[in-house]
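*Asks:* Quick one: structure below, then a few questions.
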Amino acid sequence: MLSVPDYEFWFVTGSQHLYGEEQLKSVAKDAQDIADKLNASGKLPYKVVFKDVMTTADGITKFMKEVNYNDKVAGVITWMHTFSPAKNWIRGTELLQKPLLHLATQYLNNIPYDTIDFDYMNLNQSAHGDREYAYINARLKKNNKIVYGYWGDEDVQEQIARWEDVAVAYNESFKVKVARFGDTMRNVAVTEGDKVQAQIQMGWTVDYYGIGDLVKEINAVSDADVDKEYADLESRYEMVQGDNDAETYKHSVRVQLAQYLGIKRFLEKGGYTAFTTNFEDLYGMEQLPGLAAQLLIRDGYGFGAEGDWKTAALGRVMKIMSHNKQTAFMEDYTLDLRKGHEAILGSHMLEVDPSIASDKPRVEVHPLDIGGKADPARLVFTGSEGDAIDVTVSDFRDNFKMIGYAVDAHKPEAETPKLPVAKQLWTPKVGLKQGALAWMQAGGGHHTMLSFSLTEEQMEDFATMMNMNKAFIK
Ligand code: MN
């Protein structure tokens, strides 16, 4: 269900009429060449479309208005090929309501010592043109990104590519709708927050539903539909009956599949792309949604446990940004504090995304000593190794704050036969002690999003675009 529109980015280059029409033609030709080669690099997730050479305040203002109303356009990329007097950019830039990337580059990556002359200098002025332009963006507090370097370099192209994913996530963030099944877990603080402000600032619509409305939808799921899902489950995962008798096992899994389809239908009807559950509020449900939640997260829905709508919305945004690759809801679950082994074991009771599995997930049924419900089926698996990031959002009333750090992810040192849940270990790159201390001092909670495919820079860019406060621990 994670489908994102085929966005494009409009690219314009700044200049002025001081240097004559021939120079402006060269500016247009060079900018078109950069756009063509960026697209041909195969690195960009979304197409760059060169639109025009911008030389007047009226032209720039008209352009920015077109960007704003065109739903196909996710953002603007600008480059100052020559000196473009930045007062021309004030009105248009002020009106721009979409992400802005200032590509501070130069058409050639060298100084052509043998041939350089005043014609060349009239045309190639980005060294100072990009600074004139950057000043006005800084003064207007546009929260724009600046990518600096030769446009033909792979690292510059990759930086543009990663920013495109953030800019698309920004646009899509205003469509995120979270359905809360039940309220927040009683007495818990960090999962609370100002939902109206979240909608004003990040575009997240957060709606409450009584659990009875959902139960009705789950109970309406037909046996035939559950049969189909059961077959699909068998084809993807390992079915492990364990100590259960065959009938109990099958029944438990089928209850979760009915929940999966029921929740999915409920969300689809309301246009919701994220949801929360709360184990304290399951009236009329046979089990806590475990496997059901995992399958929905796998499909691209954002999820927050215990009514945590902020993590649910953040999860959805990060799934869009990562193209639903290896980006999972997590909780700091338990710790290894021994020297040389320092790590956080991340998991949740049940609801961990199988996209981070390094082995084939197993469908198992075990008791869950919380919530007072029947034994829930869940996917059990081992997480992955590699570089990852871990982030969360807290609400401090004056503003939201994104807290995050880069982590080394690893697998558990041993099996946990008596704790049958999905498991992922990680250690903050700054060290467990320093990382965890800074996290807590910044007021970051225990529910997080762990991603192997996104970077700290991307999350910082997103927080900047959203005017959130930031605490990235380095
Ligand atoms: Mn939790």
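Every residue gets a Cβ built from N, Cα and C, even glycine.
Annotated Mn(2+) binding site per TrEMBL: E306, E331, H348, H447, in sequence order. Residues or ranges marked as domain 'L-arabinose isomerase N-terminal' by TrEMBL: 7-173. Marked as domain 'L-arabinose isomerase central' by TrEMBL: 177-324. Residues or ranges marked as domain 'L-arabinose isomerase C-terminal' in TrEMBL: 327-468.
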*Asks:* So how many other Cβ atoms are close to E331 (Mn(2+) binding site), meaning within 10 Å of its Cβ?
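*Replies:* If we count other Cβ atoms within 10 Å of E331 (Mn(2+) binding site), we arrive at 22.
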*Asks:* Would you count the other C-beta atoms found within 10 angstroms of the C-beta of H447 (Mn(2+) binding site) for me?
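*Replies:* Counting Cβ neighbours of H447 (Mn(2+) binding site) within 10 Å gives 24.
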*Asks:* When DSSP states are grouped into helix, strand and coil, how many residues of the domain 'L-arabinose isomerase central' (177-324) land in each?
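*Replies:* Tallying H, G and I as helix, E and B as strand, the rest coil: 81 helix, 18 strand, 49 coil.
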*Asks:* Counting across all protein chains shown, how many other Cβ atoms sit within 10 Å of the Cβ of E306 (Mn(2+) binding site)?
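*Replies:* By my count, 23.
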*Asks:* Hey, for the Mn(2+) site built from E306, E331, H348, H447, who else sits with CB inside 8 A of the CB center?
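*Replies:* Result: G304, A305, D308, T311, F329, M330, M349, E351, H446.
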